[in-house]
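*Asks:* The following block contains the structure, expressed as C-alpha cells.
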Amino acid sequence: MMADIRTYNVVVLGIGFLLIFTAFTTCGNIEQTVVKSLNSTNFTGSGYHSLGIIYGVFSFCNILAPTIVAVIGARFTMFLSGILYSGYIAVFIIPSTWSFYFTSVVIGFGAAMLWTAQGHFLVENSDASTINRNTGVFWALLQCSMLFGNLYVYFDWKGKTEISDRERKIMFTALLVISVLGTLSFLALRKVRQLEEALSEEEGQSLLSARFIYKQKAASAVTEAKTELKTIVEIFKSKTILLLSFCMAYSGLELSFYSGVYGTCIGATEYFGNSAKGLIGISGIVVGIGEIVGGGLFGLVLKNNRFRRTSVVFLGMVVHFVAFYLIFLNIPDDAPVVLQTSSQHNPYLAPSVSIALLCSFLLGLGDSCFNTQLYSILGRAYAEQSAPAFAIFKFIQSVSAAVAFFYSGYVLLTWQLLVMVIMGFIGTLCFFMVERMQNMSADAQEY
C-alpha cells in the first residue's frame, strides 16, 4: 500500500514538472527572439537580462529555501512555486517592461523553492532500494519537457521571419494553460507520513494545539537553517569544493549558452532564411535528445566504476570543444548580439542546418556528462552532507549562468566560445585533481 502511494507520488511529481518546464523551457528558448520582435512597442526588456536575473536571484534564494520547505511542507511549496512560474509566462501575453523584470525576480525565488522541495519530496518518497529508480523516472519525465514545447514552436513558427502579436498571444496562452495544469497536479500528491503517524499518535498528543505544533516546527526549521548555513560555509572552504567550483562554474556558462544563447543565434542566422525561427524549436529538441542519451548512458549503463567518472568528464569536454569549434565556423559572429532579427556578418563556412543541429546534440550530450559526474562525485565526497554540497553546486552554477546571460547580449560569439573553452579546460583539470584526491584517500583507508 505504502509503496504504491510512493510510486504514484513520484510519477505525479514528474508529470507536474514535465508540464511546468514544457512551458518554461520553451519560454526561455524563444524569449529573446520574441522580445526582439516586440521592438515596435515601448517594451525595452531583454530576454537575456531576464534570464540573468532569474539565475542570480535563484542562486541566493537557494540558501533560504530549505527553511521555507521545512515550515510549510514540500507539497504546498511546489504548488506556490508553480503559481509563480505561471505568472512569468502570463507576462508575455501582454508584455510590459516592469512586469517582465518583476516576475523574473519572483520566478528566481520560486525556482529555488521548487527545486529544494522537489529534492525533499523525492527523498521522502524513496528508500535506499528505490532512490535510483525514482530519480531516473523523474529525470526522464523532466527531460521530455524539452521535446513537447519546442515541437510546438517548430510547427507554429516554420517559415516566419517576424512573430506577430496574435501568434505570440496564442503561443503563450497555450504555455500558460500547460503551466497551470502542472501546478494543479501537485495538489494530487498524497501525504506519505500521515499513515505512519496516525497509527503511532496517542490520544493525548492530539490535544496539543495545531498552533503550538506549527510554532515548534518553525523554530526547529530556523535553527536547522543556521546549522545548514554553517555547514555550507565550512564545506565551501574545503579543497574539494574549491577545485570543483571551476567545473561547476563551467557547467553554468554552458547551461546559459545551450538554453538561451544558442537558440537565439540560430534564429538570427540570415542564411537560414525563413526556416530560421522554426529551427530554434528543432535545436531545443535536439539538445533535449542529447541530454536524454547522455543521462541514460552515464546514469544507467555505466554504474559505479572508479575510473569511469574522469573518462566521462573528459568525453564531455571533447564533445563540447568539437561543438564550440563547429559553431565558430558555422554561425555568424554577431548572431547573439544583433538587435534586429538577423545577422550581418558572414561565418567561415556557409551555415549548414545539419551542422547547427549536430552542435545542439553535442551541447546536450556534453552537458549531461558534466552534470551527472558532478552529482556523482559530490554524492561520494559528501555522502553525509549531501544537501549543503548540492546547494553549493546549484549556487555556483547559477551565479555563473547569471553572469553569462548578462554578457551574452554584448559579446561577440567568438569570445563567448573562447571563455567557455578556457573555463571548460580548467574545470576538467580540476575535476581530475579532485578524483585523484578521492582515490588516494580511498586507498589510504583500505590499508
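Cβ coordinates come from backbone N, Cα and C, glycine included.
TrEMBL lists these features:
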- 49-69: transmembrane segment (TRANSMEM)
- 76-94: transmembrane segment (TRANSMEM)
- 100-123: transmembrane segment (TRANSMEM)
- 135-155: transmembrane segment (TRANSMEM)
- 170-189: transmembrane segment (TRANSMEM)
- 240-258: transmembrane segment (TRANSMEM)
- 278-300: transmembrane segment (TRANSMEM)
- 312-328: transmembrane segment (TRANSMEM)
- 348-366: transmembrane segment (TRANSMEM)
- 387-407: transmembrane segment (TRANSMEM)
- 413-434: transmembrane segment (TRANSMEM)
*Asks:* Please work out whether the transmembrane segment (278-300) lies in contact with the transmembrane segment (348-366), by counting C-beta pairs under 8 angstroms that are 6 or more apart in sequence and asking whether there are at least 3.
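*Replies:* Taking Cβ pairs at least 6 residues apart, the transmembrane segment (348-366) and the transmembrane segment (278-300) are in contact, with 3 or more under 8 Å.
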*Asks:* Near the transmembrane segment (135-155), which same-chain residues lie under 8 Å Cβ to Cβ, leaving out any that are not at least 6 residues past its ends?
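*Replies:* Same-chain residues near the transmembrane segment (135-155) but 6 or more away: 10-11, 13-15, 17-23, 25-27, 29-30, 118, 122, 126, 171, 174-175, 178, 278-285, 287-289, 291-292, 295, 299-300.
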*Asks:* Between the transmembrane segment (413-434) and the transmembrane segment (348-366), do 3 or more CB pairs sit under 8 angstroms, pairs being 6 or more residues apart?
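*Replies:* Contact between the transmembrane segment (348-366) and the transmembrane segment (413-434): absent.
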*Asks:* Give me the stretch from 49-69, 312-328, 387-407, 413-434 with the greatest number of Cβ pairs under 8 Å to the transmembrane segment (100-123).
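*Replies:* Out of the listed stretches, 49-69 contacts the transmembrane segment (100-123) most.
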*Asks:* Six or more residues out from either end of the transmembrane segment (413-434), which same-chain residues have a Cβ under 8 Å from its Cβ atoms?
*Replies:* 240, 243-244, 246-251, 253-254, 257, 261, 265, 310, 313-314, 316-317, 320-321, 324, 327-328, 331-336, 370, 373-374, 377, 381, 404, 407
*Asks:* Could you pull out which residues elsewhere in the chain have a CB under 8 Å from any CB of the transmembrane segment (312-328), counting only those six or more residues past its ends?
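*Replies:* Beyond its ends, the transmembrane segment (312-328) has Cβ neighbours at 247, 254, 262, 265, 298, 302, 348, 355-356, 358-359, 362-363, 365-370, 372-373, 413-414, 417, 420-421, 424-425, 428, 431-432.
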*Asks:* Using a Cβ cut-off under 8 Å, which residues of the same chain at least 6 positions beyond either end of the transmembrane segment (49-69) come close to it?
*Replies:* 28, 31, 77, 100-101, 104-105, 107-109, 111-113, 115-117, 120, 221-222, 224-225, 228-229, 232, 252, 256, 259-260, 387, 391, 394-399, 401-406, 409
